[in-house]
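Inspection log for the structure reproduced underneath, given as structure tokens.
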Amino acid sequence: MPQAEDDVDLDGVLHEIGQFGRFQVRQYGLMVLPIIFNALFTLSYIFTAGNLEYRCLVPECEDPATETEESTIVRDFNITCAHNDWKLTLVGTINNVGQFVALPIAGYLSDRFGRRWILLVSVAGSALFGLVRSFATSYEMFIAMEFLDPVIGSTMYTTAFILALELVGPKMRVTGNNIISCAFSFGEALLGLLAMYFRDWRVLLRILYIPGLLALPFLYTTVESVRWLLSKNRKDEAFTILKRAAKLNGKTISQSAFERFNCIETKSGSAKSLETQTYAQLLREALANPALVLRVINCSFCWLTNTMVYFGLSLNSVSLSGNKYLNFILVSLIELPGFFLMQLILDRVGRKKTLFTTLVLSGLFCIISVFIAGIDAPALHLTLFLLSKLSITMSFGTLYIYTVEIFPTNLRQSLLSTCSMFGRIGSMIAPQTPLLAKVWTPLPMILFGCLGISSAITSLQFPETLNNELPNTLEEAMNMQGNDIPATDR
């Protein structure tokens, strides 16, 4: 891929300081915390607003004080009877509406003022609103806090993802991506485990959110994004971080790399320098590029599909036969082999083929489950359900690393957040799938299947990014054309 004359060869420097040494391990150790928090916070409503098995009280036959073992908002706010089911499904939708509203704003602020402080604010704000929600005295107060929580905290995943992955060398990006993905799956399984033992929704929320506040001093020690510092012409700060990374990794940065950093301002290429353009100018330039606009639209549709199917399957796991907590944990842990399979194939067959294949498989498994719905074979139904979740997990993991690689540094978080924002449309619809099933039972799975296959077809328009360096400029991002799997090993 051609490089702009004033491009900072950061990937080349990463080769020198070590692609995944002690510095990157430390950075990842910090970033997995907000990733786990995001899993706990984002999906907590599955159990806090979960429906209960109940029947109307017969005063003549039983003690009104008798309670079931589990306590959710159904009991505390008296959300009973079928005509109130929408109040429970609304909780998950409201949570995702909050994320939809927040992501583009947070993306802009992060690109404008830095990733690090946005991460701290998102974790702190989400933890505070989560704790306040545990003291809710009405359904309306609960819903309000459920909305404000993601408005502040929804960006913690994308920000932590970028902070972790940007300083990983090209050959280790798939490994780095899988570490983040495994941390999220672990967070999901941990949520199921905690919900199993803390069945009072108020206690559960406090158990989930207090660690967010306790982790703030540790997260404060993380470093700012080097690529973001370079895009803001803060080269001295960026180089200080790189020298620190090299020292921790037992490496040294060559004099030629140091000179490249110091001579950027004296170069005069045809491409505009990153630091001379304002965000508004960059955005106007991006919108004026039809190919980039189409890429963003395509990527957004792919995000919508992945979020709807991924979260839809997670939500519906608690309705499978058996223990709902164990089912949720099982559906969460099935993601782990998906990440290991990604590790094996993503750097061998490329991003495009992996994304296409996993989307098609996920869609097919969903559609097949519709045709065997009348067969009394619980094991077969469970197997198809798990295979669908396995496939969409691989697709989602591939999509995250793909999105980072197809957009330029100076717009990367904003465009990642934009795609993720449209993806939230899928996750807003996902909590309503139980209501769709009341209209027609196979409708949710048919919807998941058709979306998966359609998105797979449109994903073929993406450029292959395997072994390419992360693009720093818009020109570099749009020139990522050529062989599906580049022959050069950078």
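Even glycines carry a Cβ here, placed using N, Cα and C.
Whatever TrEMBL says is automated annotation, not expert-curated.
Sequence annotations record features per position, and here TrEMBL assigns domain 'Major facilitator superfamily (MFS) profile' to 39-467.
Taken from TrEMBL, the feature transmembrane segment covers 28-47 (among others).
If you look at the transmembrane segment (117-135), the same-chain residues 6 or more away from its ends with a CB under 8 A from one of its CBs are 34, 37, 41, 44, 106, 109-110, 141-142, 145-146, 148-150, 152-156, 159-160, 163, 201-203, 205-206, 208-210, 212-213, 215-216, 219-220, 222. Annotated transmembrane segment per TrEMBL: 117-135 (among others), in sequence order.
What TrEMBL lists as transmembrane segment is 147-167 (among others).
Within the chain, the transmembrane segment (179-198) has long-range Cβ neighbours (under 8 A, six or more residues past its boundaries) at 28, 31-32, 35-40, 43-44, 46-47, 157, 160-161, 164-165, 204, 207-208, 314, 325-326, 328-329, 332-333, 335-336, 339, 342, 393, 396-397, 400. Residues annotated as transmembrane segment in TrEMBL: 179-198 (among others).
Annotation source TrEMBL lists transmembrane segment at 204-223 (among others). Within the same chain, residues 27, 30-31, 33-34, 37, 40-41, 44, 47-48, 116, 119-120, 123-124, 126-128, 130-131, 133-134, 163, 191, 194-195, 198, 241, 244 sit at least 6 positions outside the transmembrane segment (204-223) and bring their C-beta atoms closer than 8 Å to a C-beta of that stretch.
Marked as transmembrane segment by TrEMBL: 292-313 (among others).
Long-range contacts of the transmembrane segment (325-346) within the same chain: residues 46, 174-175, 177-178, 181-182, 185, 188-189, 191-193, 195-196, 313-314, 317-318, 354, 385-386, 389-391, 393-394, 397-398, 401, each at least 6 residues beyond the stretch ends and with a Cβ under 8 Å from a Cβ of the stretch. Annotated transmembrane segment per TrEMBL: 325-346 (among others), in sequence order.
According to TrEMBL, the feature transmembrane segment maps to 355-375 (among others).
As annotated by TrEMBL, transmembrane segment applies to 381-402 (among others).
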Per-residue pLDDT averaged over the domain 'Major facilitator superfamily (MFS) profile' (39-467), given as an integer: 85
For the transmembrane segment (28-47), sequence-distant contacts whose Cβ falls under 8 Å of one of its Cβ atoms, 6 or more beyond its ends: 72, 91-92, 95, 99, 119, 122-123, 126-127, 130, 146, 149-150, 153-154, 156-157, 159-161, 163-164, 176, 179-180, 183-188, 190-191, 194-195, 201, 204-205, 208-209, 211-212, 215, 218-219, 221-222, 314-315, 318, 328, 431
